[in-house]
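See structure below.
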Amino acid sequence: MRNLLILLLLCVAVCSAYPLDRAARDKEDSMELVQQYLENFYNLAKDTKQFVRRKDSSPVVKKIQEMQKFLGLEVTGKLDSDTLEVIHKPRCGIPDVGSFSTFPGMPKWRKTHLTYRIVNYTKDLPRDAVDSAIEKALMVWEEVTPLTFSRIYEGEADIMIIFAVREHGDFLPFDGPGKVLAHAYPPGSGFYGDAHFDDDEQWTKDTSGINLFLVAAHELGHSLGLQHSTNREALMYPVYDPLTDLARFRLSQDDINGIQFLYGSPPVPPDDPAVPTESVPPEPGTPAACDPALSFDAISTLRGEILLFKGRHFWRKSFRTFEPEFHLISSFWPSLPSGIDAAYEVTSKDTVFIFKGNQFWAIRGNEIQAGYPRGIHTLGLPSTVRKIDAAFSDKEKKKTYFFVKDKYWRFDEKRQSMEPGFPKKIVEDFPGVEPEVDAVFEVFGFYYFFNGSSQFEFDPNAKKVTHVLKSNSWLNC
Ligand SMILES: *[C@@H]1O[C@H](CO)[C@@H](O)[C@H](O)[C@H]1NC(C)=O
Ligand SMILES: *[C@@H]1O[C@H](CO)[C@@H](O)[C@H](O)[C@H]1NC(C)=O
Ligand SMILES: [Zn+2]
């Protein structure tokens, strides 16, 4: 690196002493850029004799070909316009080849629960925006693996996250604005697993600058042991793609294959009352709408539609169209977990709250609100409650009901506090409803309770069950 720097400085001096015409000068600049790119990312020996302008440039041509092959470009061995375009784009600082040759084998974490710590922050974004970008980025990987993450605020975490400029205590100084955006180390102790972000970039929540979530999701892929992918669709492709539509972000199959090769698939939730394996349709994990045994994890309204969640998927039932739509949760909300416990809409806030374990998220349309996930105990539930089974919010009365086993709690949306006198037994106030609830929602003034494949329509005014239906009746079955 030093040698190259001296060389570049020399070149600047020489070039300005003997002004070249513009085209030749541009070519010269590109040559330098390429030399640097190949040294940094393709392990081109940092040997001045190999400088690109040398007559015998075959090692360089070979490297250019290697780079073109890796990046999915036409392999010409020349600095054509496509190649130059790609090498001008911002990218990850981790080399595409040769970098991990010093780490024998396939580094991976030997445990599934990892800690992370956000050691310091960029000034470009509010802290909670950084927190939520990192959380979302971790969840991208958590969703497809058995890995779980928890945040610590002091001491040594497995994954230490810093924002820094230039020289920052490792052997890979950052390079100012543009080009290298971040780098991260593969699993291991000490600085291994850590992720560093170049604070000379303009970090943003959207794609007006460099989107922190996208870069963090990529870097954390390295922290978990993934190397760069040659697949242009992959998150682990080394070049930053600012055109990515964030709402449509999802891992490519290539990323999923990579991470599952290291860690396997997420475990099946043990207490999932789900469909027995025999009746699961041929494509594993994909529930069939009209399976008579179909049950749901959670159900909520969203802007006049009904969302019925099951595993990694959900159905979206609109009253305007007959056929429900079927989607992956991650295609709408990349950072939401699968296998959620409960969901409800507070229409006055245009917000849907999603629960899993002891955490909940707030979503508006396809945006996750900043500052989430939060702990369920912040709502006023006692610490003995580890998860909730189901929830709904009554639009008229502005009360939210949380169902846990055979009891329920009621939350006052106006006062934003749990009401006194709870929990109460479900059977006391909802006679006829099964004492445990998988999912519940409110529509047209009725409460619909779900238990396995059965559904109970409850009239809150008459205080009784008015219909017993199949759970999948909303899916035109
Ligand atoms: C964050 O911490 C790292 C490592 O201690 C340091 O190099 C860097 O300058 C810090 N960045 C900020 C923005 O304080
Ligand atoms: C409700 O669910 C429980 C446990 O899943 C089951 O034993 C019970 O039979 C269900 N009741 C109805 C009416 O489906
Ligand atoms: Zn990378």
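Placed from the backbone N, Cα and C atoms, the Cβ positions cover glycine too.
Summarised by DSSP class, the composition of the motif 'Cysteine switch' (90-97) is 0 helix, 2 strand, 6 coil. Among the features that TrEMBL reports, motif 'Cysteine switch' is placed at 90-97.
Under the heading domain 'Peptidase metallopeptidase', TrEMBL lists 105-265. Here the domain 'Peptidase metallopeptidase' (105-265) returns a mean pLDDT of 92 for the predicted model.
Marked as Zn(2+) 1 binding site by TrEMBL: H168, D170, H183, H196. Counting every protein chain shown, the number of other Cβ atoms lying within 10 Å of the Cβ of H168 (Zn(2+) 1 binding site) is 14. Reduced to three states, the DSSP call for H168 (Zn(2+) 1 binding site) is coil.
If you look up TrEMBL, you'll see E219 marked as active site. Following the DSSP three-state reduction, the secondary structure of E219 (active site) is helix. Spatially close to E219 (active site) yet at least six residues away along the chain are C92, A137, A182, H183, A184, A195, F197, judged by Cβ distances under 8 angstroms.
If you look up TrEMBL, you'll see 287-336 (among others) marked as repeat 'Hemopexin'.
For 337-383 (among others), the entry in TrEMBL reads repeat 'Hemopexin'.
The repeat 'Hemopexin' annotation in TrEMBL covers 385-433 (among others).
With DSSP states grouped into helix (H, G, I), strand (E, B) and coil, the repeat 'Hemopexin' (434-477) comes out at 5 helix, 24 strand, 15 coil. As annotated by TrEMBL, repeat 'Hemopexin' applies to 434-477 (among others).
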For the binding-site residues H183, H196, which one has the sparsest Cβ surroundings, going by other Cβ atoms within 10 Å?
-> H183
Within 8 Å of the Cβ centroid of H168, D170, H183, H196, the other same-chain residues by Cβ around the recorded Zn(2+) 1 site are G93, I162, A164, G169, L172, P173, F174, D194
Long-range Cβ neighbours of the repeat 'Hemopexin' (434-477) (under 8 Å; 6 or more residues past either end) = 273, 289-301, 306, 308-309, 315, 317, 322-324, 342, 344, 389-396, 401, 403, 405-406, 425-427
Listed recorded positions: H168, D170, H183, H196, E219. Which have a CB under 6 angstroms from an atom of ligand 1?
-> H168
Pull the DSSP breakdown for the repeat 'Hemopexin' (287-336) and write it out as helix, strand, coil residue counts.
-> 4 helix, 21 strand, 25 coil
Who sits close to D170 (Zn(2+) 1 binding site): which same-chain residues at least 6 apart have their Cβ under 8 Å from its Cβ?
-> F191, H196
